Amino acid sequence: MSDRIRAHVYVSGRVQGVYYRANTRDTARERDIDGWVRNLDDGRVEAVFEGPREAVESMVGWCHTGSPKARVESVDAAYDDPEGVDGFEIRR
């Protein structure tokens with residue numbers, strides 16, 4: 001499946017305590033994207049998305065808005081070859 005890609009994403013702003021991770025998980029599952037999401041100690045959210053190029057790029061775009069109560073300031077994404085993540089989970 002050569003059309004699969006991986007995006008490693010860092011989201012800054014008011015993104016913790018606003019259901020950002022849960023909304024990310026739910027949206028990724030709706031789009032059949034594999035990966036994970038977690039809060040970082042510095043206040044950012046880190047996520048990995050794997051799936052078809054179009055779906056992953058769409059998910060990275062979604063991160064700019066995120067959950068309804070979030071206030072996203074920046075989204076940094078790096079693309080790479082997929083590592084074979086299966087399913088989508090919230091990591092703690």
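Cβ atoms here come from the backbone N, Cα and C positions, even for glycine.
Swiss-Prot lists R21 (among others) with the feature active site, giving sequence analysis as the kind of evidence. Mapped onto three states, the DSSP output places R21 (active site) in helix.
Taking a C-beta cut-off of under 8 angstroms and a sequence separation of 6 or more, N39 (active site) has the following same-chain neighbours: Q16, R21, V45, E46, R92. Secondary structure at N39 (active site), taken from DSSP and collapsed to helix, strand or coil, is strand. The active site annotation in Swiss-Prot covers N39 (among others).
Over the domain 'Acylphosphatase-like' (6-92), the average per-residue pLDDT in this prediction is 97. Feature annotation from Swiss-Prot assigns domain 'Acylphosphatase-like' to 6-92; the stated evidence is sequence analysis.
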Neighbouring CB atoms within 10 angstroms of the CB of R21 (active site), all protein chains considered, total 23
Composition by DSSP (helix, strand, coil) of residues within the domain 'Acylphosphatase-like' (6-92): 21 helix, 36 strand, 30 coil
